[in-house]
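Student: Below are the structure tokens for one structure; questions will follow.
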Ligand code: AMP
């Protein structure tokens, strides 16, 4: 099962990807998590990406295309994977098509979580409060200014992917405003038919 999750920041892509990872035994490939790991490890990629991420902007297509292509080659991706936060631009989607074709594999479905934008800022604030309450570290781009920028980046660069994948017949839309269990059940229903 090879899947893409689309949706704005705070739509619940990460939460749903984690739940489906357990259900299907396939890994969640979050480019955001991979980049944050690179920043924490102080790698070259991490050093190049940090300021861009903190400002809520997108890192270059070349960087993310390469890390995703390499990651897909790992043995744990042999049975499939869930891409969370990638592709985020039409050129990334085109690159992904080529990457997958080169490896002789194809996507099974693209699931878009539709949410009310006003709710997203509240979700981000809740996530920050929960992280602090649990004694965790708050993401450096989870602040109102960077979050606004992330939403703008989404509208301008990522939202066009809906049309891109609709034209392939693989796009499925889910109401991301429903509760977590309902969203998971709806996605599971889509995947059973994929
Ligand atoms: P996320 O955890 O998906 O919200 O991503 C956090 C940040 O990582 C984004 O705001 C971008 O700066 C960067 N990022 C993650 N995925 C991508 C991607 N596919 N293309 C460009 N930048 C990305």
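Cβ coordinates come from backbone N, Cα and C, glycine included.
Pasting the relevant annotations from TrEMBL:
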- 10, 11, 12, 13, 14, 15, 127, 178: ATP binding site (BINDING)
- 30-59: region 'NMP' (REGION)
- 31, 36, 57, 58, 59, 85, 86, 87, 88, 92, 139, 150: AMP binding site (BINDING)
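I'd like these features described in context: how deep, what's nearby, how far apart.
Tutor: Residue 13 (ATP binding site) has a Cβ environment of 25 other Cβ atoms inside 10 Å. The secondary structure of residue 13 (ATP binding site), as reduced to three states from DSSP, is helical.
Note on the region 'NMP' (30-59): its mean pLDDT in the predicted model is 96.
Neighbour count (other Cβ atoms within 10 Å of the Cβ, all protein chains): 22 for residue 31 (AMP binding site).
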Student: Residues sitting near the region 'NMP' (30-59): Cβ under 8 Å, six or more positions beyond its termini, same chain?
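Tutor: Contacts with the region 'NMP' (30-59): 14, 17, 67-68, 71, 83-86, 88-89, 139-141, 145-150, 153, 157.
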Student: Rounded to an integer, what is the Cα-Cα distance in Å between residue 178 (ATP binding site) and residue 59 (AMP binding site)?
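Tutor: Cα to Cα, residue 178 (ATP binding site) and residue 59 (AMP binding site) are separated by 31 Å.
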Student: Relative to the Cα of residue 10 (ATP binding site), which of the binding-site residues 31, 59, 139 has the closest Cα?
Tutor: 139
